[in-house]
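J.: Have a look at this one before I ask anything.
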Amino acid sequence: MKKNLMLIFGGVSFEHEISLRSAYGIYSSLLKLDKYNVFSVFVDKVTGIWYLLDSVPSSAELIKRHTTSIVNFIPGCGIFVNNKSLEIDVIFPIIHGRTGEDGAIQGFVKMMDIPCVGAGILGSAISINKYFCKVLLKSFNIPVVSFIGFKKDDYILNKEGIKEDINNKLNYPVIVKPSVLGSSIGINVAYNVSQIEKYIEEAFEYDLTVVVEKFIKAREIECAVIGNDQIKIFTPGEIVVQDFIFYDYDAKYSTVPGDSIVFNIPAHLDMKHLLDIKEYAFLTYKYLELRGMARIDFLISKDTNLLYVNEVNTIPGFTDISMFAKMCEHDGLSYESLVDKLITLAFESYKKRKDKIDFTRLES
């Protein structure tokens, strides 16, 4: 008997359009698997309203919003559309960035008591926050590039002091990032003090916390990881960027792989780097309490050959050019099998939690 799966995509997020592309790929795979009844739920970018669609369309222009298809969630009661109950066995969120990748939807689904694909509340919330993620990894002696972080209120009160810290502790050039955002949105490289203020202000347009890191010329390595208690680390891949300073938003989504962007799977690594990447991927996954899946990004300095953990993505892209599925496929796990495996992991994680915790103690 087929399970009822709800695929949630879109979202009130700067990465809304990327989510649509990822959802289309996953939806197509679910149709090929023919193991699930798929309920496609689109979250409007402006209003945040959830709509049940007939399918995941290939482009945003084809999405139709009907008031009769609005999805309502009532914890303890169920999911309803037009006063009709939906029996959902598992939820697959593919909203990138805020509300989808930051623990919000994970907490909501947990309140609904439904298995959910991917990381839980804690792992999602820490991983998406570049500042706290780096602080935590550094505390476990996992190498990260030198950085400082600060909130908008602190910057307003001590602008010159923070700029002085950037100059003294990091030295230029530096890379300026919003703390909670993905897909390289709002990221800029500042080469001198005259640029830093402009880029900090721009980063604050996306988040209330900014991270400034020492900019290094580096090889960009990505590593796919799946699993719960037992994890599998796939062969790392490398993104070779020719015409961009780093792998920014335009390079990721506005450029067709070719002369400017080359994906090497496997990445050309010496044995030490390969083993270190797999070890740090394992430890990062463990310390952040991740489950389901993650893409862990690394940097290898072209000057010093040193390795750093860069960022962690708990809902990596599933578009036709995304590296996550390609790395899994290289090691023999097809796109369709990957999607199916992630759903299985969601059921396993849910069952373990139910078996481990005696919920009868809550009964009066």
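A Cβ is built for glycine as well, from the same backbone N, Cα and C atoms used for every other residue.
As annotated by Swiss-Prot, ATP binding site applies to 167-222, with the evidence given as sequence analysis. For Asp297, Glu311, the entry in Swiss-Prot reads Mg(2+) 1 binding site. Taken from Swiss-Prot, the feature Mg(2+) 2 binding site covers Glu311, Asn313, and the record attributes it to sequence analysis. Annotation comment: Swiss-Prot describes 134-344 as domain 'ATP-grasp', evidence class sequence analysis.
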J.: Tell me, how many other CB atoms lie within 10 A of the CB of Asn313 (Mg(2+) 2 binding site), whichever protein chain they belong to?
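T.: The answer is 20.
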J.: Write out the long-range same-chain contacts of Asp297 (Mg(2+) 1 binding site), meaning residues 6 or more apart in sequence whose Cβ is under 8 Å from its Cβ.
T.: Glu220, Ile221, Glu222, Cys223, Val309, Asn310, Glu311, Val312, Asn313
J.: Same chain only, sequence gap of 6 or more: which residues have a CB within under 8 Å of the CB of Leu181 (ATP binding site)?
T.: Phe14, Glu15, Gly97, Arg98, Tyr206, Asp207
J.: Would you mind ranking the binding-site residues Glu202, Glu311 by how many other Cβ atoms sit within 10 Å of each Cβ and giving me the lowest?
T.: Glu202
J.: Below 8 Å Cβ to Cβ and six or more residues apart, same chain only. Which residues does that give for Thr209 (ATP binding site)?
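T.: Those within reach of Thr209 (ATP binding site), by Cβ under 8 Å and sequence separation of 6 or more, are Asn129, Tyr131, Gly149, Phe150, Lys151, Lys152, Pro178, Ser179, Val180.
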J.: Around the C-beta of Ile216 (ATP binding site), how many further C-beta atoms are within 10 angstroms, looking at every protein chain?
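T.: Result for Ile216 (ATP binding site): 18 neighbouring Cβ atoms inside 10 Å.
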J.: So among the binding-site residues Asn167, Asn188, Gln195, who's got the most Cβ atoms within 10 Å?
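T.: Highest number of other Cβ atoms within 10 Å: Asn188.
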J.: Within 10 Å of the Cβ of Val174 (ATP binding site), how many other Cβ atoms can you find? Include all protein chains, please.
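T.: Other Cβ atoms found within 10 Å: 26.
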J.: Between 0 and 100, where does the mean pLDDT of the domain 'ATP-grasp' (134-344) sit?
T.: 92
